[in-house]
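The next block holds one structure in the form of structure tokens; read it before the comments.
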């Protein structure tokens, strides 16, 4: 049972270090060392070095780390070349303002970068001010519509991680989560229309806000379309893993982004330089090392015995563990990776329960007070904290409850 104590101490260490501003990847590596120290009855010193080395030099670890690096570069290139602005311009030309309030954060959600909610906040604030909705409501919509797409977005790093680790088809994992995604969208739209009707002083014709310049929509979307299509082709039609398929497909999407906007060589270098961030690759490394330690520490057998002997149904245990990890870590990639490593022995091969791991950790992360997007949205909109969380918690728990029942029935 020493390994179980080590796991609990590791979780506390991760949360504590992240809260004081330490890098998530570094926190995971330190936690892996702590867990190792408490698991020496299951591993010799030579095995410890083998576990760490195996995680670091594994092709999937290297491929995923490079892949998330490329995702950050693609996000920055689409921002700097004006493709995101062009997409917003097109949406403003074809949608009512109520739709814009939802679609702006959703479009920026295509750029899965830490703190990305700050990119859409000014436009959401502008539209929300015109529609006379509260600051708490603006902050909620900016967060909700930005993130729910990650339930089905093929380039979402946590989704890729779970599909790879659980060895399930990414398309199957996405398909089984589509109903939860649609439910989340409908819940958001219901709340949006409720706010608009409550504040009926809003009139569409009054609008006189500056419009983003529209440009050919297909051209602006093409970097993402090309990246996703190539990723799926390489994943399913070649021997490459999910992670290595990312490494091959994303540079093509980045090149398309530059070619569509005819970016000069000098600007290309600058955009690439600004888009490089080592935070996510380091997080991937930390997660993979921690996972390997969990797998080698005897924890799976210990936890399996506890879970099987618990009076709680397995779906409820999955919900609680995954949600609490997402909430306490404020980092979806890490929460998904750790949750699956802990629960793998009792859910292996069960697609609905694997999806429940993702959905539960996702919603825990979504409302976490240390989730960077929550922090920057709260700082930007400066809402009343009670009003903000009152609005935020109800839809979250409604969707979570329905999700648990849905996946429990399927599983």
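Backbone N, Cα and C atoms are what each Cβ position is placed from, and that goes for glycine too.
Please treat TrEMBL annotations as automatic predictions, because they have not gone through curation.
Among the ranges 121-142, 143-164, the one that TrEMBL lists as transmembrane segment is 143-164. Here the transmembrane segment (170-193) touches the transmembrane segment (388-410). Their Cβ atoms form 3 or more pairs under 8 Å, with each pair 6 or more residues apart. Using the rule of three or more Cβ pairs under 8 Å, pairs at least 6 apart in sequence, the transmembrane segment (57-75) is not in contact with the transmembrane segment (306-326).
A Cβ distance under 8 Å defines the sequence-distant neighbours of the transmembrane segment (388-410), meaning residues of its chain 6+ beyond its ends; these are 136-137, 139-140, 143-144, 176, 179-180, 183-184, 187-188, 191, 313, 315-316, 319, 323, 351-353, 355-356, 359-360, 363, 366-367, 378. Under the criterion of 3 or more C-beta pairs below 8 Å, with sequence separation of 6 or more, the transmembrane segment (362-381) and the transmembrane segment (28-45) do not qualify as touching, having fewer than 3 such pairs.
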